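Student: Residues annotated as region 'SNAG domain' in Swiss-Prot: 1-20. Positions annotated as region 'Disordered' by Swiss-Prot: 1-21, 75-99. Swiss-Prot lists Lys8 with the feature N6,N6-dimethyllysine. Sequence annotations record features per position, and here Swiss-Prot assigns region 'Interaction with ARIH2' to 91-330 based on similarity to another entry. The zinc finger annotation in Swiss-Prot covers 163-186, 192-214, 220-242, 248-270, 276-298, 304-327. The region 'Mediates interaction with GATA1' annotation in Swiss-Prot covers 164-330 and is backed by similarity to another entry.
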Amino acid sequence: MPRSFLVKSKKAHTYHQPRAQGDELVWPPAVIPVAKEHSQSASPLLSTPLPSQTLDWNTIKQEREMLLNQSLPKMASAPEGPLVTPQPQDGESPLSESPPFYKPSFSWDTLASSYSHSYTQTPSTMQSAFLERSVRLYGSPLVPSTESPLDFRLRYSPGMDTYHCVKCNKVFSTPHGLEVHVRRSHSGTRPFACDVCGKTFGHAVSLEQHTHVHSQERSFECRMCGKAFKRSSTLSTHLLIHSDTRPYPCQFCGKRFHQKSDMKKHTYIHTGEKPHKCQVCGKAFSQSSNLITHSRKHTGFKPFSCELCTKGFQRKVDLRRHRESQHNLK
């Protein structure tokens with residue numbers, strides 16, 4: 001068998017073949033000279049010298065610069081669009097350095113936003129639409145809000161079925177409860193107004209309870225003193241007087257109150273805070289009831305009338321004094 005055939009067989013197979021007697025190992029193998037034009041287009045990895053040769057880094061650097069200079073004109077003439085890596089030509093290595101990646105003509109942000117939108121949607125589209133409608137209702141039509149609308153979908157927990165207020169972190173089990181809470185506590189919007197006195201409320205149930213004030217019906221009677229009330233909540237507050245329960249103390253003077261709202265109103269005396277301001281004359285009050293009574297001076301509304309002489313009054317205390325002084329009634 002010719003010697004040249006044995007040498008080619010060793011290059012073609014990776015497994016071990018027994019050498020014939022007389023064969024000699026030659027290291028390093030003879031390097032076949034390559035033409036100059038072909039060597040310039042070759043990859044630096046293919047032109048790297050073998051262990052027995054001298055490692056010339058300057059030559060490798062020049063070959064890399066030559067490859068970059070040849071590829072840059074191709075990139076300049078390429079049309080806009082996604083970059084497609086060309087197939088390696090004969091004599092080039094796929095591991096050779098490629099030109100720097102350029103920005104495509106389309107935006108990755110639009111693609112990412114479309115995918116993120118599909119993952120951030122709430123499980124129920126009806127609940128999400130209900131929350132969006134609730135956010136639009138929170139803005140006051142009279143006083144424009146300077147803050148951005150609250151996005152409650154960011155605090156929705158699909159596994160727990162709860163709704164968190166982004167202002168005070170209070171938790172609700174239904175979106176309707178969250179809507180009522182934000183309308184009452186944070187937005188200042190009171191869409192339900194009384195037809196008799198003009199007082200506004202944040203919920204329809206509160207307005208319905210308020211209408212009993214203008215009627216003469218007193219269906220809630222105290223069993224201890226016999227005093228009757230139009231609302232059950234007023235009776236519950238009255239019962240605290242008989243038990244002398246005052247669980248809410250003032251942090252400034254120590255005075256105790258039956259209700260937390262009464263204690264909060266009392267603290268305005270120490271702080272001088274007057275959060276309720278008249279939109280007509282600008283006068284401020286510490287209690288909302290005083291603002292309502294003051295507003296009747298501008299409108300001329302007199303909700304309390306005497307049943308004997310039909311004279312009207314803006315305050316209930318004025319009607320009581322009139323009955324006592326003019327009609328001798330108590």
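Cβ coordinates are placed from backbone N, Cα and C, and glycine is handled just like the others.
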Student: Within the zinc finger (276-298), what mean pLDDT does the predicted structure show?
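Tutor: Result for the zinc finger (276-298): average pLDDT 90.
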Student: For the zinc finger (220-242), give me same-chain residues lying six or more residues beyond its boundaries with a C-beta closer than 8 angstroms to one of its C-beta atoms, as numbers and ranges.
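Tutor: Result: 209, 212-213, 258-259.
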Student: So how many of the residues in the zinc finger (192-214) end up helix, strand or coil by DSSP?
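Tutor: Within the zinc finger (192-214) the tally stands at 11 helix, 4 strand, 8 coil.
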